[in-house]
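S.K.: Below is one structure. I have some questions about it.
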Amino acid sequence: MQRQWSVQAPGEPEAEPGGEELCEQEMKRLCLSQQPVRVLPYAMMDKRFIRQLREPEGVKTSCWQQWRRRRQTAGRRLGEAARRLTRGCGLWEGALYEIGGLFGTGIQSYFTFLRFLLLLNLLTLLLTSSFVLLPLVWLRPPDPGPALNFTLQCPGSGHLPQTGVSKFNNLLWNVFTGRAFNNTYLFYGAYRAGPESSSTYSIRLAYLLSPLACLLLCFCGILRRMVKGLPQKMFLGQDYRSPLSAKVFSSWDFCIRGQEAATIKRHEISNEFKMELEEGRHLLLLQQQTRAQRACHLLTYLRVNVLIGLLVVGAISAIFWATKYSQDNKEESLFLLLQYLPPGVIALVNFLGPLLFVFLVQLENYPPNTEVNLTLIWCVVLKLASLGMFSFSLGQTVLCIGRNKTSCESYGYNACDYQCWENSVGEELYKLSIFNFLLTVAFAFLVSLPRRMLVERFSGRFWVWLDREEFLVPKNVLDIVEGQTVTWMGLFYCPLLPLLNSIFIFLTFYIKKYTLLRNSRASPRRFRASSSIFFFQLVLLLGLLLAAVPLGYVVSSIRSSWDCGLFANYSAPWQVVPELVALWLPPPSQRILYYLGSHAFSFPLLILLSLVLTVCISQSQASSRAIRRLRKQLVWQVQEKWHLVDDLSRLLAEPGSGDSLGPESPVSRGSRPRSFCPGFPCPGSPGPRPRKPGPSLEDPEGLRGVSVPAH
């Protein structure tokens, strides 16, 4: 069976005799190749012919194989269509494209981060609803029985346990403090279940494992996104810089037809050029620094970090004493103000801290990425330390951590003041989440909006100096990370807090977009999205660890409340796991699980983890060596091109060259481009060097050894 791959037109010269042999060799190679037909660079008709050639002679494709092939093709096309539809109908795609074009990828990464957090909260809410809420509604939990008769030995005569009802019975105030939802599924105390032996589905086990599973899934999602967003310079190194000419000639999208899209694309290309030029300028300044200048720069760096560290210590101390005073003075007449004293102090610290950090860092004229990263690191320390101190002060007051009380010795927590301490902790986290969102709304419409209106209305030196608010990406990122960390901390005490946080994130996106487009000005210092995305995920991962550590301690070691919740009859919530293992599993399975949880299993587990870590390190080192080889190969190819262009330019410059079409003027010779990479030099490109006499046409040995890399 023969097939002509090309049709000879009349009047054309006949094909060379070797053409048929080349065609036969190519057909033989294609028949023996295992490469899929769909990736071959041929027309559809030729691909069908290649598929027929690959079939064995005398053997026809069965109906089952044809149907399977058609099903795979249809499934692949359907998957590609679904991916295109998802990209086209994704949440906030148009808004993200507009923000990225007008303000750069650095600010766009913040809004992309908001979308990622919204998806995490919706996933958490889906898991909680599927495994806890829906089975609980279906099984119809039992009504709460009569209150248990406990005699609390509390100091002071006539002191009754704190019932949680304040003197202010205003419904709106109860909504803000969370007390209006004490008997709903928003808080831990409303969840009840019967004995484990009388049910085929354990609500207690689902309630216990749901927060842990949500934290694990969030950890996997954050880790995957963090690895995906690693900066390219970590792999390519500081020496490699993409040429600016590539961006000049390949940045424009010729499919753009609308005027608005073209304007956004021009802004995007302009922002990219600004970042490239600013990074090149700072890199040049760093290379020109002397040792004395570097030592002075290091001392300045240490001074700034010491000052910021002192500010962080003072802020943490203020949060500790505010929380302690609020919990120790619940019976005073200023109870209304004391309810929101800890969230207010935390919000004040987190508002003033990043502004002071940015001011101190900008005084030293750091590079854009260094400035953003340094400010972000210290803001992370401030935010996480404030939340950690808030959690510790709550544990000291509610769980008597580090304190001696009569009720704590008997019940494991401060039973005199908190009958249902899980609800009390959930209320504190609920108030902190509400307060953070209200502060975002108030700052957008009561500070940024009036400031913009005053700057536009009045003229003068003061108003020019004031100007619009600068959109600070580190501060906004840390605000949303703080809210997400509070949500993770409250998964056990307030299971529906992810629903509340999803609403807050959804509204925050539009509030921040309005603030950015109308009331703010973009920062004049540009930075890349690759480094910012990596740091955002790192901050979020630290917040996740901060939320997981207290949750693990409470679940495994702290006595549950005796008057409310699913674990009222257990010494710790984790005790339900051994009980269910004894009820549901046979003795051999129980022994296996007990062995997996014992210290004897830690030794083989440690050996296994060591082997896995060794394999990962070996793969990482092998990948690093491959990357270095590829970099050297890239530099070698560019050097080969430069040598070829240099030799070719010397050949063309010969005065008696027979290949030249005519005499060449000095102006045209001087204006001939000598670089493929204007702007920044290509990696491996040689510097200016004196002209050497080129080879003559009679002795063209100068061209030997110069190879053109194949593409």
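Here the Cβ of each residue, glycine as well, is placed from N, Cα and C on the backbone.
As annotated by TrEMBL, transmembrane segment applies to 116-138, 205-223, 301-321, 341-361, 429-449, 490-511, 531-555, 592-618. Annotation comment: TrEMBL describes 420-530 as domain 'TMC'. Positions annotated as region 'Disordered' by TrEMBL: 655-711.
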S.K.: At a threshold of under 8 Å on Cβ distances, which of 205-223, 301-321, 429-449, 531-555, 592-618 pairs most often with the transmembrane segment (116-138)?
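M.R.: Most contacts with the transmembrane segment (116-138): 205-223.
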S.K.: Which listed range (301-321, 341-361, 490-511, 531-555) shows the maximal number of Cβ pairs under 8 Å with respect to the transmembrane segment (205-223)?
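M.R.: Comparing 301-321, 341-361, 490-511, 531-555 against the transmembrane segment (205-223), the winner is 531-555.
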S.K.: For the transmembrane segment (341-361), which stretch among 301-321, 490-511, 531-555, 592-618 has the most Cβ pairs under 8 A?
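M.R.: It is 301-321 that shares the most Cβ pairs under 8 Å with the transmembrane segment (341-361).
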S.K.: Looking only at the domain 'TMC' (420-530), report the model's average pLDDT.
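M.R.: Mean pLDDT for the domain 'TMC' (420-530): 87.
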S.K.: Quick test of the contact rule: Cβ under 8 Å, at least six residues beyond the ends. What residues does that give for the transmembrane segment (301-321)?
M.R.: 342, 345-346, 349, 353, 356-357, 360-361, 363-364, 374, 378, 381-382, 385-386, 389-390, 392-393
S.K.: Tell me the residue counts in helix, strand and coil for the domain 'TMC' (420-530), as DSSP assigns them.
M.R.: 85 helix, 4 strand, 22 coil
